[in-house]
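Novice: Below, the features straight out of TrEMBL:
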- B:6-25: transmembrane segment (TRANSMEM)
- B:64-122: domain 'NADH:ubiquinone oxidoreductase chain 4 N-terminal' (DOMAIN)
- B:71-97: transmembrane segment (TRANSMEM)
- B:109-126: transmembrane segment (TRANSMEM)
- B:128-413: domain 'NADH:quinone oxidoreductase/Mrp antiporter transmembrane' (DOMAIN)
- B:132-152: transmembrane segment (TRANSMEM)
- B:164-183: transmembrane segment (TRANSMEM)
- B:203-221: transmembrane segment (TRANSMEM)
- B:233-256: transmembrane segment (TRANSMEM)
- B:268-291: transmembrane segment (TRANSMEM)
- B:298-319: transmembrane segment (TRANSMEM)
- B:368-389: transmembrane segment (TRANSMEM)
- B:401-424: transmembrane segment (TRANSMEM)
- B:445-463: transmembrane segment (TRANSMEM)
- B:490-513: region 'Disordered' (REGION)
Amino acid sequence: MHSILFIVFLPLLAAIVAGLGNKALGNVPAKVITTGALFISCALSWPIFLSFVAGSAEASVTPVLKWVQSGSMSFDWALRVDTLTAVMLVVITSVSALVHLYSWGYMDEEPDQPRFFAYLSLFTFAMLMLVTADNLVQMFFGWEGVGLASYLLIGFWFRKPSACSAAIKAFVVNRVGDLGFMLGIFGTWLVFQTTSIPEILHAAPSMAGSTIGFLGHRFDTMTVLCVLLFIGAMGKSAQLGLHTWLPDAMEGPTPVSALIHAATMVTAGVFMVCRLSPMFVVSPTAMGVVTFVGAATCFFAATVGTTQWDIKRVIAYSTCSQLGYMFFAAGSGAFGAAMFHLFTHAFFKALLFLGAGSVIHAMHHEQDMRYYGALRKEIPWTFWAMMAGTLAITGVGIVDVIGFAGFYSKDSILEAAYASGSEVGSFAFWCGITAALMTSFYSWRLVFLTFYGAPRWAASEHIQHAVHGEHEDADAEDGHDHDHSHELLDPHHGEGTAGYHPHESPLVMLVPLIVLSLGAIFAGFLFTHSFISEGEGEFWKGALVFNEHLLHAMHGVPGWVKWAPFTVMAVGFGTAWYAYLKNPRFPAAFVEQFGVVHRFVFNKWYFDELYNFLFVRPAFWLGKVFWKQGDVGIIDRFGPNGAAWVVAQGSRVAQKVQSGYLYSYALVMLIGLVVGISWVMVR
Amino acid sequence: MTGFPILSLMLLVPLAGAIACLVSGNQSARQIALVVTLVDLVLGILLWLNFDLSAGHPQWQFVEHVPLFAGFSWALGIDGIALMLIMLSVFLMPICIGASWESITKRQGEYYAAFLLMETLMIGVFTAQDLYLFYIMFEAGLIPMYLIIGIWGGADRIYASYKFFLYTLLGSVLMLIAMLWMVHEAGTTDIPTLMAYNFSAKAQTWLFLAFFASFAVKMPMWPVHTWLPDAHVQAPTAGSVILAGVLLKMGGYGFIRFSLPMFPEASAQFAWLVFALSMIAVVVTSLIALVQHDMKKLIAYSSVAHMAIVTIGLFAFNVQGLEGSMIVMLSHGLVSGALFLCVGIIYDRLHTREIDRYGGLSINMPKYALFFLLFTMASIGLPGTSGFVGEFLSLGGIYQVSSWVALVCTTGIILGAAYMLYLYRRVAFGDQKHADAAAMTDLTFRELAMVIPLGLAVLWMGVYPESFLAPMRADIAALDARVARAKPAGDAKVTAGQPGAHAQMSEHEEGAH
């Protein structure tokens, strides 16, 4: 199984070559090297995954290098491959390879291409290190590594202030989560005296009922550890409270959003909870927390998604919401379903993002859906790809017969939440059902606004630029500032094409769309047996907790539970159809009627404003106070300056004796030394 | 190598070089200084290669002992801890000479002589086995630094050197008195003997406080840190590099060599004080760093926060804390040195440290932006760089003692990311706001020759820290054993699990389905 070394380290090598070679290397060689490395990694990953699907492979660990040994604490670099890793391997390398390819077209006009591709490959390496980790610290290495790559890619267009701010925000908010992760690792080490994941998972059940002192109180040991680790997962996976960085991360180029902020990095938190599932199941409290946070996020993000105008932001909130599904699945004990949704979501969400990128590409960097419309005929390949993605995310399918990818995974999650039988489980179920309704609504809203109706391109500044040949607009994908956000969709305002002709994207962009479309259509049907059905036990082989009782309970849920997702999906579709095609005046009227609610939701529940008020501004204010009042005003004033005043009086005398200050002090010191030593000697 | 006085040679080479620089005057001083520091670097590498790491190796190696007079002797010798700090010093010195190569134009002979003298004294601090020899080296080391700031420094250099002097004077007087008493009590000036000597608990309290006064200033710990920002701001680039890189490590070295082994009970008794000051330092100085306009001040304040991680690790009384602190010190030596160098590189071009005068340097200085990013990330403690290993072990060490201290100090990873990325954004990202900053050229060959070794060392220590941990392992274990009797209990007190209870609970849950 040494192919894993190539899978993981080829992207790193490619990143180093392309990054250091940069301009000297040239665009095309840099792109060939990085993309080539990723396709090789991808080609090597699929056989591993398929051998696990076939049940012929066993978990293995490939040691790489010693890392740290400090007393009884030690952890090494090693690559672990088991079923869970194999799933992640194909997700990461496939999406990454396709995104690399897609970027050939999307980033074609970009002057700084080697840097972009180097970052993408670096990200892939870090993500692979994360999922192959055999100990918690290497997982943390990958965790922070993807954070770095995400920071660099969000800030890729570093001349834009908004991109720089978004990059810093992403890193710092993630660090808040990492604080929990780090303390979680320390606590885990303290309790188990090891950071090796298999050893921890083996020992975890025996710690049930144990208590630990933490911050002056005593708590259940496993609850403390799991909640701390879960705080890390909340940061990386943008769960409610630590989600604020994800929508802003859309400042990065769209392929980045597809790879990092939809398919792979943001799912790291889900992966972590699944990887450590034997720990989490020991603490029902921690499982409840995971379920609750997941369910709340799923609901919250879906509400915001229904109101946004920026096509990427809609999909970003949708991602946030879908991650919530994965978490409450895990919290309900259906880890297989969580991983299955991660797997299918990677395909259809990457597809939606890349499709959105294709639309943006066609619309000359316009991202506001109010200036789209009627693009169905202009960019048909993109349209059909987006349709496949939308059908998958809304979970279209017929119960017990067949459906798109999201149908299998989302339905099983909702069934699991219902079947878990706990109060928080039914809370999650209802949040999930409501969110499914809104998912269907905002997804179809996106499709109708973009591809149907009459063209509304004339009002777009970007289109105006394009039409009037003003290409010097350096800030690609700038979007407008979103200050006209309260402006409502007026169907007759700015109608028309302004003489603009959108072009379908080049083949390098369409191929990834087609491949991912196939994934969005078939991934659920093909792999449902392995991930979540009776075959589950043999497939996972203990890589995560498989709860057979829950599986049986899921089969026994009432019929209405099975049909509920389908029903809300249809209602969401109908509402979107009515509001955006049948009666386009309806949204404006609705907003007028429910202005307060709309404002609250549209402004993302005012989280950013709240955090600015609570954390950002006080931090700067405190910094100034500690500096000016504390250091300068108190410590210096009464410390050295007070003493210096005394010395200065003396030095006026010294000044008369000698011209330089410095020599006199050196002299004073030397005399002091000499006196001291002489005293010792004569003693 | 046995019997060959390599440590004396390492002390004498820079001293001879210093004299040569003074004699040669301005013309060839820098060439002499470069050759001399490189020779010392080679000697240092030889020292490391010949350091005995086999099982049961003697703790003190390369020992030299020449009695001089009145019980005062030329006693040298190193253990793994000293070896690592010597390596740090000899590694940074040629880089400092390189950093001064073009920026120092006045009184070059004296300048390089001062640097070489300082190298002798720094190595002297880490090799001295005689208490008085240590004291002389420890205090005299300030004089060249004092001169470097006072003569070749910025506009406000006199005030900075005042402050520097006043702070350190206070500590050193108290320490000298304590040393005199100790020698009187124990009847020896031999440091290894004193490290095993058991002072009475009452004496330990006073001795600890006296030493603490000196080391806390050197470290520097809050609230006796205010000399550091001024000293850094006024010092020339190379002065800042060596100040942050090596001189700040003397406080930590003092704690690990004197306070902990000689006064274990008092150390445990005052651990709360150290923790409190360190927690304040992490939060307060990080917040102050956030609002700085001056690049050097920002990095100086960040040093105070990082040094607080060292002190909590040292006073955690366990192997992880101690080893983590040592790695933080080595890493901080490299990283903050490198960051000051990065500031110096653009200061040489634009002659301002004002952050807002820069911007968009990624455009015209991509190589510079890459290295600056690497060192920024190392400062933040990104895994894979040296910063992470030390921080992780140190915080992991303190967690075993107190989850509160660990929680507060770990917020440093959030605040650290905030102020460093905010700095990086204002310097390297954004648009090119000023024409002169936009016209700056990328790194020259000389500058690359300085930052590349630093960058490689930072990655080496991050990916394979075993090279640096191995020489110290036995010494840290010995120290851990020495302080074990005063070890605090820790607040976790994990109770044994009752798996049966869990099984019942889950059965109950399943019953509910």
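Cβ coordinates come from backbone N, Cα and C, glycine included.
Automatic, uncurated: that is what TrEMBL annotation is.
What you see is a predicted model, and the numbers here were worked out from it, not measured in a lab.
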Novice: Is the number of Cβ-Cβ pairs under 8 Å between the transmembrane segment (B:268-291) and the transmembrane segment (B:71-97) three or more, considering only pairs separated by 6 or more positions?
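Specialist: They are not in contact.
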Novice: Looking at the stretches B:109-126, B:203-221, B:368-389, which one shares the most CB pairs under 8 Å with the transmembrane segment (B:298-319)?
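Specialist: Per the Cβ under 8 Å count, B:203-221.
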Novice: What residues elsewhere in the chain lie close to the transmembrane segment (B:109-126), defined as a C-beta under 8 angstroms and at least 6 residues from its ends?
Specialist: 7, 10-12, 14-15, 17-19, 21-26, 29-30, 32-33, 36-37, 40, 78, 82, 85-86, 89-90, 93, 96-97, 100, 133-134, 136-138, 140-141, 144-145, 147-148, 151-152, 238, 242, 246-247, 250, 253
Novice: Which of B:164-183, B:368-389, B:445-463 shares the most C-beta pairs under 8 angstroms with the transmembrane segment (B:401-424)?
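Specialist: Between the candidates B:164-183, B:368-389, B:445-463, the best contact partner of the transmembrane segment (B:401-424) is B:368-389.
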Novice: Pull the DSSP breakdown for the domain 'NADH:ubiquinone oxidoreductase chain 4 N-terminal' (B:64-122) and write it out as helix, strand, coil residue counts.
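Specialist: The breakdown for the domain 'NADH:ubiquinone oxidoreductase chain 4 N-terminal' (B:64-122) reads 36 helix, 13 strand, 10 coil.
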Novice: For the domain 'NADH:ubiquinone oxidoreductase chain 4 N-terminal' (B:64-122), report the average pLDDT of the model, please.
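Specialist: Mean model confidence (pLDDT) across the domain 'NADH:ubiquinone oxidoreductase chain 4 N-terminal' (B:64-122) is 89.
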Novice: Any residues 6+ beyond the ends of the transmembrane segment (B:6-25) with a Cβ under 8 Å from its own?
Specialist: 32-33, 35-37, 39-40, 43-44, 46-47, 50, 62, 64, 74, 76-78, 86, 90, 93, 108-110, 112-114, 116-117, 119-120, 123-124, 127
Novice: Quick test of the contact rule: Cβ under 8 Å, at least six residues beyond the ends. What residues does that give for the transmembrane segment (B:164-183)?
Specialist: 71, 131-132, 135, 138-139, 142, 145-146, 149, 189, 194, 199, 203, 206-207, 209-211, 213-218, 220, 224, 227, 230-231, 262
